[in-house]
Amino acid sequence: MAPVKKLVAKGGKKKKQVLKFTLDCTHPVEDRIMDEANSEQFLQERIKVNGKARNLGGGAVTIERSKSKITVTSEVPFSKRYLKYLTKKYLKKNNLHDWLRVVANSKESYELRYFQINQDEEEEEDED
């Protein structure tokens, strides 16, 4: 049998990867149908780190609010999709799911937009 070579990684430690995602709540906050402080509190209670909610990994995940934008910064693996899932859960809990949707407007951010219902209704009336 041939000898088995073991690969040894050269170098030191891995660089910590910092993930930063933003949630833009400008339109619903300006219209006063949503409270950004309440949504920030919801995210703090629901985000799980290492399988535990309300944990936030001892500072590994931070949630900051500036005006109508919520920024989630993470040093541990955190997916953008998980932020969308929690945002949709918040909308459902507060009965806003029928009026708002979560849309990705860049690679690292989501935006809450209204459904375009008025245009659809006008088109249906024109067809009748």
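Our numbering is plain: 1 for the first residue shown, then up by one each step along the chain.
Note: Cβ is positioned from N, Cα and C throughout, glycine not excepted.
Noted in Swiss-Prot for the protein shown:
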{"type": "MOD_RES", "residues": "Thr62", "note": "phosphothreonine"}
{"type": "MOD_RES", "residues": "Ser66", "note": "phosphoserine"}
{"type": "MOD_RES", "residues": "Lys69", "note": "N6-succinyllysine"}
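Mapped onto this structure are the features recorded in Swiss-Prot.
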{"residue": "Thr62", "record": "phosphothreonine", "Cβ neighbours (10 Å)": "14"}
{"residue": "Ser66", "record": "phosphoserine", "Cβ neighbours (10 Å)": "9"}
{"residue": "Lys69", "record": "N6-succinyllysine", "Cβ neighbours (10 Å)": "16"}
